[in-house]
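K.L.:
Could you have a look at this structure, given as structure tokens, before my questions?
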Amino acid sequence: MSDWTEAYRPTTLSEVRGNNKARDAFEEWAKAWEDHREAVILHGSPGVGKTSAAHALANDMGWPVLEMNASDARTKDEIERFAGRAASNATLGGGRQLIILDEADNLHQHKDRGGAAAMTRLVKDATQPVVLIANDYYEMSSGLRSACRDVEFRDVSARSIVPVLRDICRQENVEFDEDVLQEIAEANRGDLRGAVKDLQARERDGEIKPEGSEGSRDRTEDIFAFLDAVLKEESAEEALQTAYAVDETPDNLLQWIEDKVPKVYEGDELADAYEHLADADVWLGRVRATQNYSYWRYATDNVAAGVAAVRQEDRGGWTRYGGAPYRSSRDSTRDYIATRIAESAGVSTATARREILPYLSAMTHHCNNRELTVRMTARYELDAEHVAFITGSGKTTNKVQGIVEDAETRRETAAVDHGGGIFAPAVDDAQSDTESDDDDDGDTLAAFGADEPKEESVNREQSDGTADAEESDDGQAGLSDFM
């Protein structure tokens, strides 16, 4: 079953409901852009259609979209790099493209340091139409606000929401009661996206069920019910239904599951779960690259159904999940690790994050393979926070602190002894260690120092049919180091 919020996302501005005045002002801004060349801020509550309107406008105008969203690091350097890419694309294509900067009011986090000033420069210097999207207009800097026009999207009235829900029911061929649609519209208080999610959550056996029936969306506890459903209780199909009932986007669901799965899964379950999360991340990357939001459904399939399907047994009891994932520190930590892996393996940062990091997490889970964890820490120059992120162990624990100290000693020794380099001693040790272990352990240890390629890697390159396969970034580069 597809996500109705994506299946029925407006494709033209004429389909944007409940904000006719804002829609018309936005369209007027676009058509007159050659004359004024100013950026515009679309602001208003979540779920009122700001992002949908931006993409619908791009379709109407025939403009390709280049988007920077909240999941991207938005430091000064990243925004300047993004601006350079936008300018480059415009030069190559020769036409207009729409630049979308999502959550422009959320640049106060540590990882976005310098981002507000860089974004202000971007909108002032842009040679392409720029749309900034914000929930809270006054959370943005005064300099950024003064550099842009603004269009306010107001909360969508229940009177405007009901026809949307009715149209979806007819398209999906499900029975409905007008009173139930009115109830859903009023309960969501201007949030059209939330109303559509509620509608889908209440659909059972070709009928929209009334409040209190099975499937009604709980807006206060739904994220933790979702975690329990995926990680502990429900089948793959049931977990997917729960995912559709949660008022969160697939990228946010991915962050929640990725952050909490080590609290419940372990061993093969955890490794298999990371496989599905990596696949979900690939689909989300395609959404960012193509702006085709129909791919969201495949990301959700992996995050919910995929992770639930690899669970070997149901679990009861209460789990201390903790609060929401801390995006600023968590993402900056992951970005650093992915960058170090990418530099070492000769792959892109995206490939390192999607394809390699999940394997590292599985192989070094809770530092069970201490030698491998030390070797990894030394190779990628990681500190306690990075080791804790990868292994799931606390950064202040004795084992993590000991691993970091041993890795530092290994780096210092290698700096003095230039004969074999930093990893040669580790490989020599590994050869003696693996005499009594199976071949898989030998291959795993080789990831952190072997100079001679494994037979698997050679065979993989031959099967690819290209001599420079390892230099290409096809989404699989670097995996042979860990197989």
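Just so it is clear, glycine is given a Cβ too, placed from its N, Cα and C backbone atoms.
Pulled the feature table from Swiss-Prot, pasting it below:
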BINDING   G44, S45, P46, G47, V48, G49, K50, T51  ATP binding site
REGION    415-483  region 'Disordered'
COMPBIAS  430-443  compositional bias 'Acidic residues'
COMPBIAS  451-463  compositional bias 'Basic and acidic residues'
K.L.:
Return the residues near S45 (ATP binding site) by Cβ distance under 8 Å, restricted to its own chain and a separation of at least 6 in sequence.
P.N.:
N135, F153, D155, G190, D191
K.L.:
What is the Cβ neighbour count of V48 (ATP binding site) at a 10 Å cut-off, with all protein chains included?
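P.N.:
The answer is 26 other Cβ atoms.
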K.L.:
Out of G44, P46, G47, G49, which of the binding-site residues is least crowded by other Cβ atoms within 10 Å?
P.N.:
P46
K.L.:
Going by DSSP, is G44 (ATP binding site) part of a helix, a strand, or coil?
P.N.:
coil
K.L.:
Specify all same-chain residues, apart from the site residues G44, S45, P46, G47, V48, G49, K50, T51, whose Cβ lies within 8 angstroms of the center of the Cβ atoms of the ATP site, ordered by sequence.
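P.N.:
In sequence order, the nearby non-listed residues are N135, F153, D191, L192, R193.
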K.L.:
Using CB atoms and a 10 A radius, I'd like the single residue among the binding-site residues K50, T51 with the highest neighbour count.
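P.N.:
Counting every other Cβ within 10 Å of each candidate, the maximum falls on K50.
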K.L.:
Quick check: in three-state DSSP terms, what is G49 (ATP binding site)?
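P.N.:
SS state of G49 (ATP binding site) = coil.
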